[in-house]
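As recorded in TrEMBL:
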- 17-41: compositional bias 'Low complexity' (COMPBIAS)
- 87-145: domain 'CBS' (DOMAIN)
- 172-234: domain 'CBS' (DOMAIN)
- 260-320: domain 'CBS' (DOMAIN)
- 334-396: domain 'CBS' (DOMAIN)
- 1-55: region 'Disordered' (REGION)
Amino acid sequence: MSSSSHAPAAPIPISSPPSSSLHRNTSTSRGPRRQSTSTGTSSGGLGRRPSRVVHPPMVPKILSHDEAVEALRSFLRERSSYDVFPVSFRLIVLDTTLKVKKALEVMLLYNVVSAPLWNTAEAKFAGMFTVQDVIHLIQYYYHTSSWEGAAADVEQIRLFRIREVEKTLSVPPPPLLSVHPLRPLYDACRFLIRTHARRLPLIDKDTQTNGEVVISVLTQYRVLKFIATNCRDITQYLTSTLQDLGIGTYVSPEHDSNSENQFYPIATATMQTAVFDVVHMFSERGISAVPIVDDNGKVLDLYETVDVITLVRNGAYQALDLTIAQALKQRTADFPGVVTCSPKSSLSAVFSLIRMRRVHRLVVVAGPEDSQPGRLVGIISLSDIMRSLMGNDVPLGGSGIGAVPIDRELREEAAETGHEPFTLGQSVE
Ligand code: AMP
């Protein structure tokens, strides 16, 4: 299949800084939100922050890149996670006794790729169900069952058994992370970076019942969109290039071009690669997207973990035998396309892009001046952008999204200081 048959996925280069006609949201900070009804808990006893109107920060002078970063950090210190959410939003919470197949149907119906879990018997937050869980489930069935058996089992397996799957695969279970929604957004962002988590559930306490209340889930995308929308006067000064800032993962220049993966350390696939092999890369490398390249290394498309969900939504696990080219044909029409940028793009241009459209990663390609324009050069995830804003001094836990060492490390730190900064519990059993 040629790349031209994937019209919606044609790479979209990032554009120059925003036009003045862009809408600018000035109502950046609002009072606390009403409790979601999903958990059926009363909102009466929730902690409240005094209602106030906070305007975007005033920027009196021209800033250097570093000053702009510092101004953004100050902005985040003065906001809480509540500020990131609109006045009204929907929260899907899944009961841990729900069958996986049902959970997938609900997620597709409401167009979400993750949801908090609720243990009704104990009236407790029980972790998150995410795309990574589905990827692990697929791996599990590959090792232990046939596709037919897998499809039948997914009909039956319930969400609380997901952690057994991780044990069988020897994958570290995700620590049960959460943050109070009134904690400074800056702290929550550092915690996101530190734990390699892509999302942080916001848990409040009902002061009347002392029970837990799931408020929402803070994601890297929401935080960056919030900054992009409200701090345009600051992000315009993020003039350093992605290359100079070292944001993202890049093809190693020293790597032997004759070796098996000429794009090392970037995991790539071709149109002929089987979907299952890409699923294996997702699971093994803890990544959520793989660029699809042609024989010359030109980027044709991007295959993402969310694509797998769409593919297996009806328990059609045989679909994993399809090639990427065949699987891409099943992509829904609303796929937003692959966004590309050059290593010389500025961080400011990336924020302009995030302000204008939904973007979860950028593929870095060689520019028109290169002998091979469009050649894969690197990949930039939202976590890379977050890390560049929050600073490289954030101590990192072990690798992988579900790294157990960070759990232990944070507990030790909390014991030493006598201050538990965030909630760390046991994952759902
Ligand atoms: P993500 O899984 O998209 O949150 O990315 C996590 C980290 O892995 C980031 O530092 C990315 O730069 C890097 N990354 C993302 N995709 C790939 C890939 N296909 N190969 C290698 N590294 C990747």
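Cβ coordinates come from backbone N, Cα and C, glycine included.
With Cβ pairs under 8 Å as the measure, the domain 'CBS' (172-234) is packed most heavily against 334-396, out of 87-145, 260-320, 334-396.
Taken residue by residue, the domain 'CBS' (334-396) breaks down under DSSP into 19 helix, 16 strand, 28 coil.
Residue counts for the domain 'CBS' (260-320) under DSSP, split into helix (H, G, I), strand (E, B) and coil, are 22 helix, 14 strand, 25 coil.
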